[in-house]
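Engineer: Got a structure for you, questions after.
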Amino acid sequence: MKATIVFLLLAQVSWAGPFQQKGLFDFMLEDEASGIGPEDRFPEVPELEPLGPMCPFRCQCHLRVVQCSDLGLDKVPKDLPPDTALLDLQNNKITEIKDGDFKNLKNLHTLILINNKISKISPGAFAPLVKLERLYLSKNQLKELPEKMPKTLQELRVHENEITKVRKAVFNGLNQMIVVELGTNPLKSSGIENGAFQGMKKLSYIRIADTNITTIPQGLPPSLTELHLDGNKISKVDAASLKGLNNLAKLGLGFNSISTVDNGSLANTPHLRELHLNNNKLNKVPGGLAEHKYIQVVYLHNNNISAVGSNDFCPPGYNTKKASYSGVSLFSNPVQYWEIQPSTFRCVYVRSAIQLGNYK
């Protein structure tokens, strides 16, 4: 009886299943020899089934997270666990995403491909990712946005690439999209198709900063709450370009070349709370601030503003229903602070919220 028990224990040790990582930072392989010499012979037994999916070599797998970052990979690893929810492939040397690279990853929610050398993505590469919500492709060499992105996608970040075109067709059917980040690309206004973003009914956040665009993109969706266009070459704010943006709460237009803000522009954004127009070429305070009901933060520093009127920011009189300002910056403008009437800021919440300074 004892001999039988010893035989079974030895058989289990000798024919152990293949290596499986049990934790995110567990790279240690158990000793496969287990003290059994080559002269030992046992009858053949069926190979034990692995307890779970294999983890790609050198990657770390834990709780449906597969981390393969900073490994010098030049292609997507094979045999990825089918239950993977987050796949991190950032900081590698991958040059191409091919059809079949993500096959069987039907549970993937987040795909991180930041800081690779990707210049080509096959049209059907993302087709198997039927639950993908977040796609990070920043710091690569893409010239166009990928085609046939999953309809479940909510967040797309593709800044610091070589994108020159944004076609309306690439966003068709992406009705769940909330965030689009396209900053730091050699993109021009002519490269953005009119109404390219219009079909995304839930889109809330767009950032197209540090590009070569000269105008605010046309046909933006009314669902937008944040629009960041800082660091471009925009010279004028057109009232028509902001028409219909009834839900916009934050507008970033700093570090452009804006000299004019059309009358009525701010009226087209009735729920705007924060306006960044710093580091431009404005020679006066934009019209419409005093009548705007909700705006609370206005950045106008580093412009060419030489005078500030007593009704530029607040409605006439002290009995006003306008929301109080919590921040107004006017420093680094030609206007001298002692030339501004104290009543100019009668609707500012606290005096410390006003930033004035000498022009340099």
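Backbone N, Cα and C define each Cβ position, glycine as well.
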Engineer: Between Cys55, Cys59, work out which one Swiss-Prot annotates as bonded to Cys68 by a disulfide.
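Structural biologist: Recorded disulfide partner of Cys68 in Swiss-Prot: Cys59.
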Engineer: What number of additional C-beta atoms lies within 10 angstroms of the C-beta atom of Cys61 (disulfide bond)?
Structural biologist: 23
Engineer: Please identify the stretch among 119-142, 214-234, 336-360 with the greatest number of Cβ pairs below 8 Å relative to the repeat 'LRR 10' (283-305).
Structural biologist: 336-360
Engineer: For Asn304 (N-linked glycosylation site), which residues of its chain lie six or more apart in sequence with Cβ-Cβ distance below 8 Å?
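Structural biologist: In sequence order, Lys281, Leu282, Asn283, Asn333, Pro334 meet the Cβ cut-off.
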Engineer: Tally of helix, strand and coil residues over the repeat 'LRR 12' (336-360) according to DSSP?
Structural biologist: 10 helix, 3 strand, 12 coil
Engineer: Near the repeat 'LRR 2' (95-118), which same-chain residues lie under 8 Å Cβ to Cβ, leaving out any that are not at least 6 residues past its ends?
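Structural biologist: That would be 64, 69, 74-76, 80, 82-89, 124-142, 146.
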Engineer: Between Cys314 (disulfide bond) and Asn212 (N-linked glycosylation site), find the distance joining the two CA atoms and give it rounded to the nearest Å.
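Structural biologist: Cα to Cα, Cys314 (disulfide bond) and Asn212 (N-linked glycosylation site) are separated by 35 Å.
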Engineer: Which residues of the same chain, at least 6 past either end of the repeat 'LRR 1' (74-94), have a Cβ under 8 Å from a Cβ in it?
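Structural biologist: Beyond its ends, the repeat 'LRR 1' (74-94) has Cβ neighbours at 52-57, 59, 61, 64-68, 101-102, 104-118, 136.
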